[in-house]
Amino acid sequence: MREDVATTSLRVWSQPATRPGHQEMDIPEIPGCVCGRRGGGEVGSLSGSIGMAPWVDTNGATTPSSVSTSLLTKNKPFPIRGERANYVNTPHVIVMVGLPARGKTYMAKKLTRYLNWIGIKTKVFNLGEYRRRMTQKYKNHNFFRSDNEEAMALRQRCAMEALDDVGIWLENEGGEVAVFDATNTTMLRRRHIFEKVVVEMEYKLFYVESICDDPSIIESNIREVKISGPDYFRLCQKAEFGDLERPCSEEVKVSSPDYSGMTSEDALNDFLQRIEHYMDMYQPLDEEAEDHLSFMKVYNTGQKVVVHKHEGHIQARIVYYLMNTHVTPRTIYLARHGESMCNKMGRIGGDADLSENGERFGEALAQYIKEQDIPKLRVWTSWLKRTIQTSKGIDAPQERWKALNEIDAGICEEMTYADIKQKFPVDFAARDQNKFSYRYPRGESYEDLVARLEPVIMELERQGNVLLIAHQAVIRCLLAYFLDKPSDKLPYIEVPLHTIIKLTPVAYGCRVEYIPIDVPAVNTHRPKPEVPGELEDTVFPQCMEMDS
């Protein structure tokens, strides 16, 4: 504290007083100065600084910039080059368990995408990639026989090498959760993993076993998941094969390096025999024999879940997430509200009505949804007027989610970017330096928004077909989850007005399609500037005709 500043303090809300859960912070009182206020009794913001009130003397003059700088360095409510909150005290290793074609890699990749999205640095280590690097050309399924001692030793060596890399990544590269993606179908292998991870590395260990006895799901995994995998082959038409529908091999394109030079029929037979070899030695996780382990079992991709001795909030979040996922085919439609009056004026936030073009978009959206004839569609909107007005013509059950409200711009609500740059130049430049972590004074950051949207993601994973009408920042966060975009790219994802974004979950990812509606709207996208704090001409509203 500066010696020439009085010790008497003013009490200033760090969030608007109208909101619950507000916090207080002390601001030193400067002799002869009073704290400026905005309309409605809220405390204003320091001109050119971050989330503080402008200081004026009794004659209305502002204090020297040195005071602003001093307060700025002592009272930053956001990290200019901030880092996401650290949720993990002890690194975790998640170990997948299960036979081939049971959805292990699908679950591993999806779990990794979710954990990275909420700010937990996660990486998948796939054992098949290690095997292909260590071995010469794959010959046939006999490599996976339990009595092939040479191959068994080689596979064990691959597993230990992968776990060594897990340890290096967690120890030296800032990793928090490593997902070890392999079959791990024997108690012996799991004991070796426990000794390596828990005893030697002193990390937390959690097993996730995927058990599937539904022939249709297994066939679907072979046909839809393994078709593009590096181990397997492309499958097309189907013919009867015992309890499963055996994919026809006549037009199968062999894409796996394991099966290079094989006919499609030979490749298919080899893969099915590979599964048989794993079944011969498969030992499911056992609550009695392996009572010391923490694990969960997922039956038929989520029909039933059994949890045994999970430890801590990370494992609890993993359990909760995997309980809410399913593989039932569905489509998610995302759309921003129609153009609003604030959009036309270049103002951010607010709760304005739709413009004339915005109303036209709402009508066109309702017509599009009607033509698609989407079964059991549900419509979700935010609590703000512009999303509710956009959805009014859609004939489907509707739900209002407060969590879908636009990012809170705090004291910058309903300002233009030019206004913000003029009144709060330090804020404006700071947001450009780290747009994801920057928090508007008395408002939110994109990082806050991701946390707010986590329940929405959980519910979306449980649902069937959904049309979600929301806002630019909200849809950016949702797209970052479904398309696996990193946090530094998230705030710059383009989400144009009057465009429907169609998401179709597929194996290992999500297929995206942009469907523009032929109604003109302003362009509200502000790309990342080359120089932080610079305001390009492109950020001002410009009427654009959407491509049909």
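Placed from the backbone N, Cα and C atoms, the Cβ positions cover glycine too.
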- [ ] Could you look at Arg274, Arg386, Arg400 and say which one TrEMBL places alongside Arg336, His337, Gly338, Glu339, Ser340, Met341, Cys342, Asn343 in the substrate site?
- [x] Arg386
Open item on the list: Counting other Cβ atoms within 10 Å of each residue's Cβ, which of the binding-site residues Arg336, Gly338, Ser340, Cys342 comes out lowest?
Closed with: Cys342
- [ ] For the recorded substrate site, whose residues are Arg336, His337, Gly338, Glu339, Ser340, Met341, Cys342, Asn343, Arg386, find every other residue on that chain with a C-beta no more than 8 angstroms from the centre of their C-beta atoms, and list them by sequence position.
- [x] Lys344, Ala352, Leu354, Ser355, Gly358, Leu497
Task: Within the domain '6-phosphofructo-2-kinase' (251-329), residues counted as helix, strand or coil by DSSP - done: 33 helix, 10 strand, 36 coil
Task: Distance in Å spanning the most remote Cα pair of Arg336, His337, Gly338, Glu339, Ser340, Met341, Cys342, Asn343, Arg386, given for substrate - done: 14
Task: the domain '6-phosphofructo-2-kinase' (88-236) - residue tally per DSSP class, helix then strand then coil - done: 78 helix, 24 strand, 47 coil
TODO: Quick one: give me the count of other CB atoms within 10 A of the CB of Arg386 (substrate binding site).
DONE: 28
Task: Across the domain '6-phosphofructo-2-kinase' (251-329), average pLDDT on the 0 to 100 scale - done: 84
